[in-house]
Amino acid sequence: MLLAANWKMYGSPSQLAAYCEELLPQLEGCAHQVVLCPPFPLLPQAVMLCAGSELAVGAQNCHWAREGAFTGEVSPNLLAEMGVSWVIIAHSERRKLFGETDDTALARAKAAQEAGLSVIFCVGETLAEREGGETLSVLQRQTAVLAGLDPQKLVIAYEPVWAIGTGHNATPAQVAEAHAFIHERLQELTGQAVPVLYGGSVKPQNAGELLATPGVAGALVGGASLDAGSFFAIIQAAPVAGAKG
Ligand SMILES: O=C(CO)COP(=O)(O)O
């Protein structure tokens, strides 16, 4: 399974140092793929601390150009050269608060893959969309752009917006339905099976049930990933089924 920690705009150098000191020894021999996505300024420190460990490092976004006059943006090639191996694209907070669209998200994901990064591409419906019966049509639209991506360097994260940071995770039945739909779409679009993670209020208490749900290949964890102990408890709740990833 793949367990990814999205720190969002939390964390500091001292927190990162303490976190790695606690988590890295626990991850030795871990059967899962684990990724830490701290804010951009912490990436060099994270790469240094995680070198040779079971913890890979990811960014939370990147631009679609290799370089250029894009004040405040970060190049995927820069991330790759620094030793970052993953990037989250199209998180719902980027879609809702920072004007990310399906098309700009695709451009970022393409550039990231071309730079050698693996992409965690986020999809998910809002509460109004779910209540309006539009969940699957939203997922259909959000995944439509993914045909052009390399399926080998792609993971989808199904994060229903109403479950993010609310304490109300989707039920296993809701997760199973969405994941089955996304799996089918990605198979159709890319010709391959692409892993699908669940994200939205994953905690040590519900991780076992969510991660055992059919079609779930791991989790993208926000709030509960900020504490090394609770993130490790989530990792431990992941069923070990054969090979890594
Ligand atoms: O947005 C998320 C991960 O990307 C989920 O956040 P929470 O786990 O805090 O609900």
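These residue numbers are counts, starting from 1, taken along the chain as shown.
Note: Cβ is positioned from N, Cα and C throughout, glycine not excepted.
All TrEMBL annotations are machine predictions without curation.
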Checklist entry - TrEMBL has Asn6, Trp7, Lys8, Gly165, Gly222, Gly223 down as binding substrate; which of Ser14, Ser201 does it also list for that site? => result Ser201
Checklist entry - Which are the residues of the chain, Asn6, Trp7, Lys8, Gly165, Ser201, Gly222, Gly223 excluded, whose CB is within 8 A of where the CB atoms of the substrate site average out, their centroid? => result Tyr10, Ile164, Val221, Ala224, Ser225, Leu226
Item to check | Listed binding-site residues (Asn6, Ser201), ranked by Cβ neighbours within 10 Å, top entry | outcome: Asn6
Item to check | Length of the line joining the Cα atoms of Glu159 (active site, proton acceptor) and His91 (active site, electrophile), in Å | outcome: 8
Checklist outcome for this item: Gly223 (substrate binding site) falls, by DSSP collapsed to helix, strand or coil, into helix
